[in-house]
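Now, the feature entries from TrEMBL:
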BINDING   Cys67, Cys71, Cys74  [4Fe-4S] cluster binding site
BINDING   Phe73, Glu179  S-adenosyl-L-methionine binding site
BINDING   Ser143, Ser302, Ser324  (3R)-3-methyl-D-ornithine binding site
DOMAIN    53-297  domain 'Radical SAM core'
Amino acid sequence: MSDASITRILDKAVAGERLTAAEGLALLESHDLTAIGAAAHAVTCRLHPEPYRTYNIDRNINYTNVCAAVCDFCAFYRPLKHSEGYVLGKPELFQKIQETLDVGGDQILLQGGMHPTLPLEWYEDYLSDIKAHFPTLNIHGFSPPELHHFTKVSKLPLKTVLERLKSAGLGSLPGGGGEILVDRVREAITRGKALTDDWLNVNRVWHELGGVSSATMMFGHVETLAERIEHLDRLRSLQDETGGFTAFICWTFQPPDEAPWFGNRKDGVDMSKIPPAGAFEYLKTQAVARLYLDNFPNIQSSWVTQGEKIGQMALFFGANDMGSLMLEENVVAEAGTVYHLSLDQIRRCISDAGYIPRQRNVHYELIDSGDPEVQNARFRAYREALAAKATPPEPAQGSCGSGQEASAIVNLEPALN
């Protein structure tokens, strides 16, 4: 497509007009990163004229790495009865939550594998016990594939499952397990996991119950550019219907060091051989997402997979939020990509970009908890306490999903910078 045509599409998006799928694809096929990024930033500034950019403090906690699904990109799941399989006990869970609150966090991201035998009552008890001990904590929990799996184990309707978990204390849903919302892709890289309509319907019903959720995309593997747009189009359509998505987060697929296959798997893709997408592709895809998802209020930067500098640059390519401090993040780390930022580093990334750093909650409401220097001091004390313990790393563990919205319990915290 000609430069003039690309300019016309960008002008249309900046003016607030909705792009077609063909126009979105044309932008992804273009190599004019500067123009696409400038347009995305213009849209961000229109939607967010405020002088600040946001971040949050939470902790990714995986309650189990036992999973009945098989995902070719997942280096963390363990089959039932595997020697490295686990279910996280409440004493350790509560300790992790308390540490999060101590450094100014207000929520946890609670996810896990699709355990084949845990009943719905187990999850209800888990949630209600958390809320009994930590009543102000938001539980951002259970990816759509997990919730779809719960309906199979419990043999109950989706609405009933969601209502019961909401009553037990579930506060909001993460967008994990989205990958690419095209069944051709999902069937190629996963087996036994929710398909596109299942993933979308979990969010639809949750929104109908008054809940909010985030949406994600893991790209740069077996999908086509047209399928990336198809993914975005499905999210945009559901948001038109429900308005329940608070944010969109995309990240590049991080190939594992080797194919994490257990047992005899005849089908599947050895995704360890797929070269990772670079910063150019990440920034362009995020910018196009900002232009295409005209009904999504927020876009998060993906510094966890891209690193501090590209994560900061993402604030000028459509993002208005730096995401989470994430006291615990190991999915991408286990794939060989390790980026960690301290609280003062995240705040500096925002301030050096010309914005005021502000802490927010899952609803993107500002919740700055006092003097930021006090928060920084608490975080440094937390890390020093971890280093003093010198706890040896636990075996590789995992969860359903990948990237920002799924992590394992592996203890990498002493290595945080």
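Cβ atoms here come from the backbone N, Cα and C positions, even for glycine.
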Ranked by how many other Cβ atoms lie within 10 Å of their Cβ, the binding-site residues Phe73, Ser302 are led by Ser302
Using CB atoms and a 10 A radius, I'd like the single residue among the binding-site residues Ser143, Ser324 with the highest neighbour count. Ser143
Express in Å, rounded to the nearest integer, the largest CA to CA distance found among the (3R)-3-methyl-D-ornithine-binding residues Ser143, Ser302, Ser324 named in the record. 18
Neighbouring CB atoms within 10 angstroms of the CB of Cys67 ([4Fe-4S] cluster binding site), all protein chains considered, total 28
Here's one to test understanding: among the binding-site residues Cys71, Phe73, Cys74, Glu179, whose C-alpha is closest in space to the C-alpha of Ser302 ((3R)-3-methyl-D-ornithine binding site)? Glu179
Find the shortest Cα-Cα separation between Cys71 ([4Fe-4S] cluster binding site) and the binding-site residues Ser143, Glu179, Ser324, and name the residue that gives it. Glu179
About how far apart, in whole Å, are the alpha carbons (Cα) of Glu179 (S-adenosyl-L-methionine binding site) and Cys74 ([4Fe-4S] cluster binding site)? 12
Rounded to an integer, what is the Cα-Cα distance in Å between Ser143 ((3R)-3-methyl-D-ornithine binding site) and Phe73 (S-adenosyl-L-methionine binding site)? 17
Does DSSP give Glu179 (S-adenosyl-L-methionine binding site) helix, strand or coil? coil
Tell me the coarse DSSP state (helix, strand, coil) of Cys67 ([4Fe-4S] cluster binding site). coil
Would you mind reading off the Cα separation of Cys67 ([4Fe-4S] cluster binding site) from Ser324 ((3R)-3-methyl-D-ornithine binding site), to the nearest angstrom? 26
Alpha-carbon distance [Ser324 ((3R)-3-methyl-D-ornithine binding site); Phe73 (S-adenosyl-L-methionine binding site)] in Å: 23
Quick one: pull the CA-CA distance for Cys74 ([4Fe-4S] cluster binding site) versus Ser324 ((3R)-3-methyl-D-ornithine binding site), whole Å only. 22
Which secondary structure state does DSSP assign to Cys74 ([4Fe-4S] cluster binding site), in the simple three-class scheme? coil
According to DSSP, does Ser324 ((3R)-3-methyl-D-ornithine binding site) sit in a helix, a strand, or coil? strand
